[in-house]
């Protein structure tokens, strides 16, 4: 059990007899006696290069998202009273930012001759750090997704118990498959590049498959809730488009996360040793980015953050007006007197066009 390093070697290619068909360049190198850990020189270089590209892409996406959403973060998080949701956002967003930045720096760090003498130990520590970072960021995303579903279902304890139970099972599966890994290091001049045996890759794929199952459960619960409420918030016999509700409730964010995880799972089964799990950082960054976007949107629609007890009415002047929840009772939507003096038109009438919910709040959009 635990980490085990195995040495690998490459044998010379056999001579090609006259009259034989031309042998493709990538098949001239024979695999070593240990097939799961053997690799071809050219293929290894290609896999490492592609892996590097995806790591650069991942950190680029993360940095780009930070730059694009920095204004919203300042407006909706920093300048407002700090709530529990805001602290969740800070921890989730900046753990991923600094952690992935350090990971990419270590990944491309040039190793001196003295450092290379202890190369296996260094790469073992790097791999451990990388996996701990992935577990931390993905685990935190799962916690936030669970809170979102919990709020969407009216803080139902049964839903919470189901989600926590499912999460515990998936976490147990993930911990079990993380043991007994066998990796091999590539003799490169820079960075820590490790390859996975086919057996280890299948075991590690199990952890990502558990995460994919959990994401799928969340997406299914989200879609089920969205479908049931498709006509619940429709007034004047006008049905709300399902695609609008999908974007409103954030189901599209969950779908993107699940697809990114699925793409990474495929690499464990269909890629070479040094590209197995090559999309792990990218999939993690996509999950963090989608979760950050969702939380920013929820903070934007809630006047006092996701713990607010007021609704925000969006009028034709593009301004939000807080309406205390206690002012709204069953049937009040069609009662003009309820909204008199609130700026909903001269006759006090208003028409509800949409209702959305944050983690712990709701937002009702009015059109005059």
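All residue numbers here begin at 1 and follow the chain in the order shown.
Quick reminder: no glycine exception, Cβ is built from N, Cα and C everywhere.
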In TrEMBL, of the candidate ranges 63-85, 86-108, 293-315, the one given as transmembrane segment runs 86-108
For the annotation transmembrane segment in TrEMBL, which listed range does it cover: 245-271, 326-352? 245-271
For the transmembrane segment (205-224) and the transmembrane segment (128-147), decide whether they are in contact, meaning at least 3 CB pairs lie under 8 A, counting pairs 6 or more apart in sequence. yes
Is it possible to list how many residues within the domain 'DUF6533' (53-98) are helical, extended or coil according to DSSP? 41 helix, 0 strand, 5 coil
In the predicted model, what is the mean pLDDT computed over the domain 'DUF6533' (53-98)? 89
